[in-house]
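Here is what Swiss-Prot records for this protein:
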| type | residues | note |
| --- | --- | --- |
| BINDING | Gly204, Glu205, Pro206, Gly207, Val208, Gly209, Lys210, Thr211 | ATP 1 binding site |
| BINDING | Gly603, Thr604, Thr605, Gly606, Val607, Gly608, Lys609, Thr610 | ATP 2 binding site |
| COILED | 389-520 | coiled coil |
| DOMAIN | 3-144 | domain 'Clp R' |
| REGION | 339-543 | region 'Linker' |
| REGION | 553-770 | region 'NBD2' |
| REGION | 771-863 | region 'C-terminal' |
Amino acid sequence: MNINNYTIKSQEALQQAVELTRRHGQQAIEPQHLLKAVMDQGESLTDFLFAKMGLNKGSIATAVDKLIEKLPHVSGGEPYLSHETNQVLQAAEDAAHRMKDKYVSLEHIVLAILTTRCEASTLLKDAGATEQLLQSAIEELRKGRNVTSQSAEEQYNALEKYAVNLCQRARDGKLDPVIGRDDEIRRVLQILSRRTKNNPILIGEPGVGKTAIAEGLAYRIVRGDVPENLRNKQIFSLDMGALIAGAKYKGEFEERLKAVVNEVTGAEGEIILFIDEIHTLVGAGKSEGAMDAANILKPALARGELRAIGATTLDEYRKYFEKDKALERRFQMVMVDEPDELSSISILRGLKEKYENHHKVRIKDDAIIAAVKLSHRYITERFLPDKAIDLMDEAAARLRMEVDSLPEELDEISRRIKQLEIEREAIKRENDEEKVQFLDREIAELKEKEASEKAQWQNEKDRINQIQQLKIDIEELKFQADRAEREGDYGRVAEIRYGLIKQKETEIDTIQQQLHELQRGGSMIKEEVEADDIADIVSRWTGIPVSRMLQSERDKLLHLEDELHKRVIGQDEAIRAVADAVRRSRAGLQDPKRPIGSFIFLGTTGVGKTELARALAELLFDDESMLTRIDMSEYQEKFSATRLIGAPPGYVGYDEGGQLTEAIRRKPYSVVLFDEIEKAHPDVFNVLLQVLDDGRLTDNKGHVVNFKNTLIIMTSNLGSDIIRERMQNLTAENRRSLTARTADEVMQLLKHTIRPEFLNRIDETIVFTPLTEKEIYEIVRLQLDGIVRQLADNDVVLHYTEAVVTFAAREGYDPQFGARPVKRVLQRFVLNELSKALLADTVDSTRPVLIDCIDGSIVFRNE
């Protein structure tokens, strides 16, 4: 016996037989050990052979285990081949020689076990196996091919192992219905009907429905809705994962693929191969001196012997196919474009029933429309209908979780009962009978209410589940009716459609009526997916608030100016302009093709330009970190403009992406602050033109980043000299006229500095006026209140007098520098001195501390 004359699977079976013998504490390797090992190693092979002979593999496996258990147990010694096993292996080699095979494979061993006198042979014969049946099963398995390689078993029934029959899945009702795409399917049918180069390749963005077209074609073939030359054809979808998985040895992957190709070509045009993600074949299996998988397919594709439908994305087609012209010309392109909103709504309506039956909830039509419209507007990096289907699916899954969970009001009652029971046990120890009786009454009332509501919840849930089960039954009946219609059993079709289905629909109406009666006093279960549910999922995915506004948010938006004035003193015009832009956005009245708003804030330093942007971020998102700040002083060189969108290919930092584009991809709903824009190189403004006009920017990798939900604020100190000069005599009375004249001069300067095409795209340019002394007083109070809150976190109570406010305002008032000197004054005279006093224990931090100003000096004392 030469082990090299055995296939890899046969060698592994022999090795497993040795291990099996050792594990059972036996010495002689008997034919039953070998049969058990062959059944484990060649699972799909023995499944096929036993099925063709009409044997039950499960019962044979059990019987073999019993035979092995009966064998004598011996301790010590190495396992050896028994006389019967040697005879079996010799018979297997003879069978291989007789069949003109180069190697002994698993089917030779099964045949040898059956024809050799041994217990394993008797077991197989008792189960109904005969040599003649096994020989015909082997012939059917091999389809006229001989064993010429050591991985021969991998090539048997290659289509069953490495592909999925889409037509069979369509017959079994396991594919989702395909709605629309008639033009693309018709074009695919035309190409498939050609004599040569009859291989369509579906090219489109991810999620537009390329695979669905192949499934739609399978449905049409099953229904007979195809030209005569394509009737009764089978579509097999190649599973690349199964093809590659377990291919340990060099050339094994190619052998598997060649076996698939041989099986398809051997069917003489009856099988169409669908290869999803076909670009993975280009380069697959390629190693030193070997050709890749695509080259194995080329000859059969060119001759028209192999009909294949490919599917890939535009990027992959460009990357792999266009480089290989020989492969490209063998496929005919079919472009699959993203469907428009109306087509996507039709697709979702067609899929609705499948998702309703899966999640056991109802999906309203307005939810479908919302899924398409909201996904199209807010989820920009993905494509319809895939993103809309995902929204509908997730909203239904979320609702199903709520249906299965205990309602919130019931959960609260249950928690309240537990809390009261704990209180009652505590009061019992104090012998307070009156309180115990009061708690008992309250617990009894709550338990009665809980039982009543729980019963209603359970009844509603049962009715909803009954309705959904009946709908699943109706779907199964429709599938049976379609199958009966294909088979020509029209009596059965009539019985199902006009008898059984009508009966189920009547049952649904009855249960629906019962459910309405139960819910008359109020429903405990929400069973319908609505537009608000879809909007909520969009908000969770993107962070963009598209759900219906609560009353509290409406009030906040209506009084946005007041909220902003709590942090930004003065600058009424700027606050009004920004608040109007935010209100337009949340009311859904903004231009959907542009950002929420774009503003240039001009003014001297320290007047609140950057602070307004920070306040806005905190107010809108409850978090200042939602402010994306780009300091334009870092973009003074010509080449630095690329940092916004990312370095071009070949340059350092290409993989990192752009500072602006990456920030907005992660936080699409945010405030973008370009600080001190006059310091940036003019080329930077060219990058921002399409952001302001179209609300989009393409990064260095070709990804389109959506700016339509951002608020863009640019600040500049341009014209600050003019503002300081004109505003020296600023008073509350002449403020309006002086501001208007100054703004005109600053705008003229701005027009000379920044290009007109950039300025023309800005919504509003606002000049911030220098702060008056009265406003400085308010800022001091604001800063002192901040210090009070900061110390309160450290358990120190702080109060201040009006004299401190007056002192800090006078010391910190400088029209040239705005509010920043105030911060420095408070730091020097208040924070520094207070920290010394607290550390030196000259004031007691456990008692309230008062800050006062006496004779021009800040003093601290305990109240």
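Here the Cβ of each residue, glycine as well, is placed from N, Cα and C on the backbone.
Annotated features, which come from Swiss-Prot, shown on the structure.
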residue : record             : CB count, 10 Å
Gly204  : ATP 1 binding site : 21
Glu205  : ATP 1 binding site : 16
Gly207  : ATP 1 binding site : 18
Lys210  : ATP 1 binding site : 24
Gly603  : ATP 2 binding site : 26
Gly606  : ATP 2 binding site : 22
Val607  : ATP 2 binding site : 29
Gly608  : ATP 2 binding site : 25
Lys609  : ATP 2 binding site : 28
Thr610  : ATP 2 binding site : 18
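Same-chain neighbours of the ATP 1 site beyond Gly204, Glu205, Pro206, Gly207, Val208, Gly209, Lys210, Thr211, judged by a C-beta within 8 angstroms of the site's C-beta center, are, in sequence order, Ala212, Ala311, Thr313, Val336, Glu338, Phe383, Asp386. Counting only the Cα atoms, the space from Gly603 (ATP 2 binding site) to Thr211 (ATP 1 binding site) is about 58 angstrom. Compared over the binding-site residues Pro206, Gly209, the count of CB atoms lying within 10 A of a residue's CB peaks at Gly209. Comparing Lys210 (ATP 1 binding site) with Thr605 (ATP 2 binding site), their Cα atoms are 57 Å apart once rounded. Cβ neighbours of Val208 (ATP 1 binding site) (same chain, under 8 Å, six or more residues apart in sequence): Val336, Asp337, Glu338, Pro339, Phe383, Leu384, Pro385, Asp386. Close to Thr211 (ATP 1 binding site) in the fold, though at least 6 residues off in sequence, lie Asp276, Ala311, each with a CB less than 8 Å from its CB. Excluding Gly603, Thr604, Thr605, Gly606, Val607, Gly608, Lys609, Thr610 themselves, the residues of that chain whose CB lies within 8 A of the CB mean position for the ATP 2 site are, in sequence, Phe601, Glu611, Thr715, Asn717, Phe768, Gly818, Ala819. In terms of C-alpha distance, the listed binding-site residues Thr605, Gly606, Val607, Gly608, Lys609 place Lys609 closest to Gly204 (ATP 1 binding site). Pro206 (ATP 1 binding site) is 41 Å away from Thr610 (ATP 2 binding site) when you measure Cα to Cα. Here the Cβ of Thr605 (ATP 2 binding site) has 15 other Cβ atoms within 10 Å, regardless of which shown protein chain they belong to. For the pair formed by Gly209 (ATP 1 binding site) and Lys609 (ATP 2 binding site), distance between Cα atoms is given as 48 Å, rounded to the nearest Å. Remark: secondary structure over the domain 'Clp R' (3-144) totals 102 helix, 6 strand, 34 coil, with classes taken from DSSP.
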